[in-house]
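Here is what Swiss-Prot says about this protein:
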- Arg139, Arg179, Gly185, Gly186, Glu218, Val220, Glu225, Gly251, Val252, His253, Gln295, Glu309: ATP 1 binding site (BINDING)
- Glu309, Asn311: Mn(2+) 2 binding site (BINDING)
- Gln839, Glu851: Mn(2+) 3 binding site (BINDING)
- Gln839, Glu851: Mg(2+) 3 binding site (BINDING)
- 1-412: region 'Carboxyphosphate synthetic domain' (REGION)
- 413-560: region 'Oligomerization domain' (REGION)
- 561-952: region 'Carbamoyl phosphate synthetic domain' (REGION)
- 953-1093: region 'Allosteric domain' (REGION)
Amino acid sequence: MPRRNDIRKILVIGSGPIVIGQSAEFDYSGTQACKALKAEGYEVVLVNSNPATIMTDPELADRTYIEPLTVKYLDEILRIEAEMLAASGSNGKFAVLPTVGGQTALNLAVELADAGILDKYGVELIGAKLDAIKKAEDRLLFKDAMTRIGLDVPRSALVNNIRDGLEFATKIGFPVIIRPSFTLGGSGGGIGYNREELMEILARGLDLSPVHECLIEESVLGWKEYELEVMRDLADNVIIICSIENMDPMGVHTGDSITVAPAQTLTDREYQAMRDAALLVMREIGVETGGSNVQFAVNPQTGRMTVIEMNPRVSRSSALASKATGFPIAKIAAKLAVGYTLDEIPNDITRMTPACFEPTIDYVVTKIPKWQFEKFPGADENLGPQMKSVGEVMAIGRTFKESLMKALRSLETGKRVGAEVLEPRRLTQRLVTPQPERLNYVRFAFRQGLSVREVARMTSMDPWFLYQIKEITDTIAAIGDATFDNVSPEQLRKAKRMGISDERLAEVWGLTGNEGVAKVRELRQGHGIRPIYKLVDTCAAEFESATPYFYSSYEEEDEAPQTDKRKVIILGSGPNRIGQGIEFDYCCCHAAFALKEDGFEAIMVNCNPETVSTDYDTSDRLYFEPLTLEDVLAIYEHETANGADAGMIVQFGGQTPLNLALRLKQAGVKIIGTSPESIDLAEDRKSFGKLLEQLQIPQPQGATATSVEEALASAERIGYPVLVRPSYVLGGRAMVIAYDAAAVSHYMKEAVEYSQERPILIDHFLEDAVEVDVDALCDGTDVVIAGIMQHIEEAGIHSGDSSCVLPAVDLAPQVLDTIRDYTRKLALSLKVIGLVNLQFAIQRDKVYVIEVNPRASRTVPYVSKATGVPLAKIASRLMTGRKLSEFLPENIASGKDLGTGAHYYVKSPVFPWNKFPGVDTVLGPEMKSTGEVMGVADNFGEAFAKAQLSAGLILPSSGTVFFSVNDHDKAALVPLAKQYIDLGFQIVATEGTAKVLHKAGIQAESVYKVKEGRPNIVDLIKGQRIQLIINTPRGQDTFFDEQAIRRAAVLQRIPTITTIAAARAAAEGIAASQRKHITVNPLQLLHAGHAVK
């Protein structure tokens, strides 16, 4: 069937901010879909609230709306677009594609249909029909559908109250699994082992489910879990793209499981039965066009197979299957949605076979999740049906062993394999209960002499996987006995074929530091043991592959032919994590696009399956490899073996490539852009302090310390409060504001493991300062300031966790001039080539430099979207020797910033509190947000309100505000309270705060603090009497009392504001939303006339 010519315009719904359970994979799928639809000649309109995505780049759609993903805003966008279509005189149809934006887009599509909005504007849903979405997503309808086609499902009941849930659980017996309907990443789900746990989880699940219902399901804990990625077209052709096996058993969310493709432990007969079942599911649910994933559980004792669930959309597993096979699922799903059939679409990798050929792979792929519980003290680390990982890595090897070991070293835990802190007495508990360190305990169990059978019994992992892990452990032990001087080339080759790194071998032989690793490398290369590169080609080498997509292995035949083009290798940012997210991937992609346009061969190195950077057509050559010194050097040597000229970019991938920069340069790699020495100078406390003195630029008083005594003496000299942190970290990892000596000594005892032989930094903390972020471009001669962003939270809250606004709203002109002056001086003194990010604190109109990062920062995508100038593209061109005068001559001549026209752009962070209900929500110098959103309007208040709405904080337009502010903030309290009273709010306050308000003649109801008596403030929150909380904590004493308030607020989903500055911004936002109807503007219109390509 050819493409549908009756459709003229297609709205693609994005997935919004990055949250746990919905990550960068939807930027990758949305980008592919937009490109495919635009290439087919459709008018493409995109809506998404996340500025850090490639899909929101203005060139990917005809109109791009960065707006909140709510029914109200989509109604307005659909109205405008439907009117434009009607006015154009075209009789073409208007369609919405909701299957590439994750759960967010699907839920929105259902809401728009149910509210009659799609019918109102004559809009058709494509990619998935409404009844198919409902059948797959509604637990009861799905269960009935499976029963109708004769497939087994776990016994279950759909409940909408706790009594029915208890009744059913008692009937089928504990434990039971609780799964809320229409939620993402298993939000609100859990395992109830008894009545109390069931009641607690069910109450939370019913609250989080948009339709207030949960499925209570018979436990299949310990069963094996499989997924099939399936595609179907309108002619009923169905193909299986990939089978995926979870190494962890049922009971752990698939996003938190180690997964392997293709499935390793199925017999052919079992696989065929599962394949047949998946085809039946697709047809019964009615997914006519596009990709879905179907999840199965198999009882290892009896072989009973049950269907667990299906997603009628492109999912996290689709991204993995896509990268594992080279088959562009999202692109093909978009083409199927507009009427093509699989046999009409060519396979982009081979360019000889159609898409209806099922991919075949002759290698093994392993995905391992990345968790960051260290960011959330108090969070429950046990893994269950609710997803908790923040990112993932993928590795490809010729065997399972090789791909597992490569994936483990891609994780960048900062801890060496073999150096984990293990507690022998907790071995049994750690094997039985799934948690992030479980694999380390499995290896430890084998070192302690436990058998595969015993470990399989405790972990419910398939013995096949455990035998593989035991073989790796045994090989490492044997090679350790062989010593460095006596090891044979055969033993060494065997270890390398298993994926064991040089660093691990050095450790086994007791060779320390970088020199030890270099010795192993020399020995290995002396024996001629070097990696070769194999192709990912979708067809197990049966056809020629046209796209160079490689992975390393220690075999004989190399499939990566050398080229003699001028090339640039871009080091990616590895797994998504807090502090280093999709923003850095965005910069890497832009570098690849610009370099390709300029005639360079762009080579990408990364190991994250969720991102656009690892898409087969982003760069000219893609190496899916770990970002370690060994792996990166091997690629560089391979690419330059024939004498080809290759530069390497390290400033776009966040901290990961920067940590390798100096060692790469010492090994002879040509690093382009800002030199590793300059990067080091900016990070090194003493040298940087000297530079600031020479330039006469003030910074907060600071010192360094390597012991508790030194730290206490320094803090005393500088004066409390102090900011204590390790050197060389990203995302404010392990930072704290200390108000007294006890806090400093506690920190020093905790922090030493992060310092990597580098000292702890102690700074005077500037209280009540306004923080400012600056992004600038520099070519060594000229500097152009891209944006001066004013933070809405005060200094001391990590810049990644603070909302910020461009242009700055209330900084004095002379302060802005000082910031510009300091920025230019520092960029030129540090010899920056490319991007630089500076952070300033302004206290009583005096400007202090907090830090300078001569690299791309997480604000680059946001500033690029706000100014219409692709900063990362220009920066990568500067690195190849081009000059700013070619791109921004007017700004150089006038000295002006890039500017944002007549609009305000507010960036707000998004937090994962609902996944970690036990964690305190107060913000500080350590970053905790997982993603970001942007609000755009012609006034600050509306832009802030939009950003808050996109981040999931719905500011109330009326009701009661609870105030509890510390003594220091009481001066600002009265005018703030008046603002809220003028907006029509009532005020409730704690005793001290209420007294201040009464004195000023403001009416406020007084309420008990948590420890003072009942009914206290937490009772009011739980009784839904409070609509907004303004609670500014200070120091340790008040901290615990307020933790209870903030926790209760998270559970009741009441917006909580912890700084006076943000409370003022919220008041402006509420005023804007009370004032007028909503406005929406596409980026293309905002930047018409001044965008730079």
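Just so it is clear, glycine is given a Cβ too, placed from its N, Cα and C backbone atoms.
With DSSP states grouped into helix (H, G, I), strand (E, B) and coil, the region 'Allosteric domain' (953-1093) comes out at 69 helix, 24 strand, 48 coil.
In three-state terms derived from DSSP, Val252 (ATP 1 binding site) belongs to neither a helical nor a strand segment and is classed as coil. Comparing Cβ neighbour counts within 10 Å across the binding-site residues Glu218, Glu225, Glu309, Glu851, the minimum falls on Glu851. Taking the Cβ of Gln295 (ATP 1 binding site) as centre and 10 Å as the limit, one finds 20 other Cβ atoms among all the protein chains shown. For the region 'Oligomerization domain' (413-560), the DSSP-based tally of helix, strand and coil residues reads 81 helix, 10 strand, 57 coil. When the Cα of Gln295 (ATP 1 binding site) is compared against those of the binding-site residues Glu309, Asn311, Gln839, Glu851, the shortest separation belongs to Glu309. Note on proximity: of the binding-site residues Glu218, Glu225, Val252, Gln839, Glu851, the one nearest Glu309 (Mn(2+) 2 binding site) is Glu225, by Cα distance. Nearest by CA distance to Arg139 (ATP 1 binding site), out of the binding-site residues Asn311, Gln839, Glu851, is Asn311. Asn311 (Mn(2+) 2 binding site) counts 22 other C-beta atoms within 10 Å of its own C-beta, drawing on all protein chains shown.
Taking the Cα atom of each, Gln839 (Mn(2+) 3 binding site) and Glu218 (ATP 1 binding site) are about 53 angstrom apart.
If you draw a 10 Å sphere around the CB of Arg139 (ATP 1 binding site), it holds 24 other CB atoms from the protein chains shown. Note on Gln839 (Mn(2+) 3 binding site): other Cβ atoms within 10 Å of its Cβ, all shown chains, come to 19. Taken residue by residue with DSSP, Glu309 (Mn(2+) 2 binding site) is part of a strand. Distance from the CA of Asn311 (Mn(2+) 2 binding site) to the CA of Glu218 (ATP 1 binding site) is 20 Å. Comparing C-alpha positions, Asn311 (Mn(2+) 2 binding site) sits nearest to Glu225 among the binding-site residues Glu225, Val252, Glu851. Classification of Gln839 (Mn(2+) 3 binding site) by DSSP places it within a strand. Within its own chain, Val252 (ATP 1 binding site) has Asn246, Leu383, Gly384, Pro385, Pro434 as residues 6 or more apart in sequence whose C-beta sits under 8 angstroms from its own. Predicted-model confidence for the region 'Oligomerization domain' (413-560) is 87, expressed as mean pLDDT.
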